[in-house]
Amino acid sequence: MVETPDSKGEIRLELPMAVWQLSCSEANPCTLGCCGKSGVCGMGPTFCGPGNCTASCDAKAECDPDNWGSAYVNASTCPLNVCCSSYGFCGTTSEFCGDTTVTRPSCDASSQNVSRIVGYYEAYAMSSRACDVLRPTEIPYGVYTHVNFAFGTIDPTTFAVQATDETEAILLQEIGSLKLIQPNLQIWLSLGGWSFSDADESTRYTFSDLAASEADQKAFFASLISFMGTYGFDGVDIDWEYPVEADRGGRSDDYDNFPSFLKSMQSSFSGTGSDKGISITLPSSYYYMQHFDIVSLSKYVDWFNIMAYDLHGTWDEDSQWTGPYINAHTNMTELQTTLDLLWRNDIDSSKVVLGMAYYGRSFTLTEASCSEPGCRFVSGGNAGNCSITAGVLLNPEIMNIISANDLDPTLYKDAAVKAINWENQWVSYDDEDTWKLKSEWLKSQCISGVMVWAATQDDTNGTCRCPISKPLPPPRLVIP
């Protein structure tokens, strides 16, 4: 699960021509595309062909809109079945797709149940958060059907599964005790996370190495099965951030290797008579999701956990597609684009678990008087007392700010988010009202599960709970 947000933009919402230098010459070649003899940048044989090109003539389009051929394109079609524009670029809006629409699953929300509620337990928060930290036994009773322990780690040399430190080893013992009073609760082990593939981590290439080597997989599976048995885990969640992407320790072969890796994992579990489950996380951005063969992966997972948050943050400042403008990080209107990537590939909606956030993304405004989405920011918002991270506020911190400043939150109903601003600060977040809107929306598309990042960002009363699952009083434990 994301500890540091995606730094890449979402799928293009406008023609790349809008950010091109349109005019060019031999002395001023195109930054994207070929310089045609008319002095205009473009793609395909009209701009790049012999006799038609004056500079940067080896540029290739992302896709082939009109039988241009392999000499002019990197691929004949777009990843994830998105549309190829007449300019040779991939996207999902009408500029790319024309009148073509996505066929979405459709259900009566009033009769659709959300039967799978996954809560991530941040084990590392015990040592990294200043206050409001929940131990496993303090997770509100009756809220979740599944709790994912985040994170275990993998030795990059032996591929043994292990605790990251002594504190986590203690928490591993505690988390299994939840089943004493909730026998139907499933506890899963989550491996990976954002920092697992950071440039300065020894585990940077571990997932890619594992996916490429059957011998290393054999050692890993043996250790994983033993580890899960020791601590009573019911399944494993693979949070690989991200395959193929070079700046995240990925390699080009990851696209094909990841499904094979999961197929072998599934076979390994079956070979021991185990019914352990498998899930993986998927990013919300097209940039990263294009490197997941989601059709093949769907054969070997019980479900996908969609990281439907961190759509926006301080990283937008350096993006040509967004810029330094405040926006909600769980905007439902943008999340539909993420779901459409799944529907374009006929992914079974019963295998989709949509992420919800128990935290907000905050900003320091350029001008305190401009506090609507689209206004400029200068930096992340002030760090909270507990989260101690600029640009992030946990929901309990947000509730305290609302109370202390007597604020009246703004509900953006179409986006299903709320926002508050005070002084020169602005934060978007979700609460019971917006989760109700989101839950009706996801149920209307036959999605039967939600996951929360993170259960440990709640409080012991379950204040931030999903509206679809109220905390219950724990049963009395009778000791004979």
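Every residue gets a Cβ built from N, Cα and C, even glycine.
The feature disulfide bond is assigned by TrEMBL to CYS78-CYS90 (among others). The Cβ neighbour count for CYS90 (disulfide bond), using a 10 Å radius over every protein chain in view, is 23.
The annotation disulfide bond is assigned in TrEMBL to CYS83-CYS97 (among others). Around the Cβ of CYS97 (disulfide bond), 15 further Cβ atoms fall within 10 Å across all displayed protein chains. DSSP assigns CYS97 (disulfide bond) to a helix in the three-state reduction.
Applying DSSP to the domain 'Chitin-binding type-1' (60-115) sorts its residues as follows: 10 helix, 6 strand, 40 coil. Taken from TrEMBL, the feature domain 'Chitin-binding type-1' applies to 60-115.
Mean pLDDT for the domain 'GH18' (115-480) in the predicted structure: 93. Residues or ranges marked as domain 'GH18' in TrEMBL: 115-480.
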C-alpha spacing of CYS90 (disulfide bond) relative to CYS83 (disulfide bond), in angstrom: 6
Residues that sit under 8 angstroms from CYS78 (disulfide bond) by C-beta distance, when 6+ apart in the chain: GLU62, CYS63, CYS84, CYS90
